[in-house]
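K.L.:
Have a look at this one before I ask anything.
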Amino acid sequence: MAPALWRACNGLMAAFFALAALVQVNDPDAEVWVVVYTIPAVLTLLVGLNPEVTGNVIWKSISAIHILFCTVWAVGLASYLLHRTQQNILHEEEGRELSGLVIITAWIILCHSSSKNPVGGRIQLAIAIVITLFPFISWVYIYINKEMRSSWPTHCKTVI
């Protein structure tokens, strides 16, 4: 049960990251965000297909570099938002970017830590389920919340 659930979570997260990369195509800085989401999509897909891949030196190196990159960028965005935002951060494009970076970082750290036990323990699996559900529930909430979407720039309104 646990191996199948871990693989399913990785499959769903790979789909989420791929979809997130896809919806960036009309963003002013699309080339950056497509890469930021495509890297975890591929890394996560590989984990879903073969959980033992997290022990591979190339997988570990790429994931560690991406974790570092996303963490540094997230800290910068968080600082920016802390000083400039006066409403819900999800109303700001930078807030949505920050939440994407946090999801990427959390998921890749979870996968990275699974190299000792590719299927994960109960706690790791519970965390995986929560992280997997979060972006999908958030997207549904944002899609339903017309007030939140009304303040978005045009390029955010014309995607899925």
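Keep in mind that glycine also has a Cβ here, set from the backbone N, Cα and C atoms.
Sequence annotations record features per position, and here Swiss-Prot assigns transmembrane segment to 3-23, 30-50, 62-82, 100-120, 125-145 based on sequence analysis.
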K.L.:
Considering only Cβ pairs within less than 8 angstroms, which of the stretches 3-23, 30-50, 62-82 has the most against the transmembrane segment (125-145)?
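P.N.:
Between the stretches 3-23, 30-50, 62-82, 3-23 has the largest tally.
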K.L.:
Cβ under 8 Å to the transmembrane segment (30-50), counting only same-chain residues 6 or more beyond its ends: which ones?
P.N.:
7-8, 10-11, 13-14, 17-18, 20-21, 24, 59, 62-63, 66, 70, 97, 100-101, 104, 107-108, 111, 114
K.L.:
Within the same chain, where does the transmembrane segment (62-82) have neighbours whose Cβ lies under 8 angstroms from its own Cβ atoms, ignoring anything closer than 6 residues to its ends? I mean 6 or more beyond.
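P.N.:
For the transmembrane segment (62-82), the sequence-distant neighbours (Cβ-Cβ under 8 Å, at least 6 residues beyond its ends) are 36, 39-40, 43, 54, 89, 92, 94-95, 97-98, 101-102, 104-105, 108-109, 111-112.
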K.L.:
Residue list, the transmembrane segment (3-23) vs rest of chain: Cβ under 8 Å, 6 or more residues beyond ends.
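P.N.:
The answer is 33-34, 36-38, 40-42, 44-45, 47-49, 51, 100, 103-104, 107, 111, 114, 118-120, 125, 128-129, 131-132, 135-136, 159-160.
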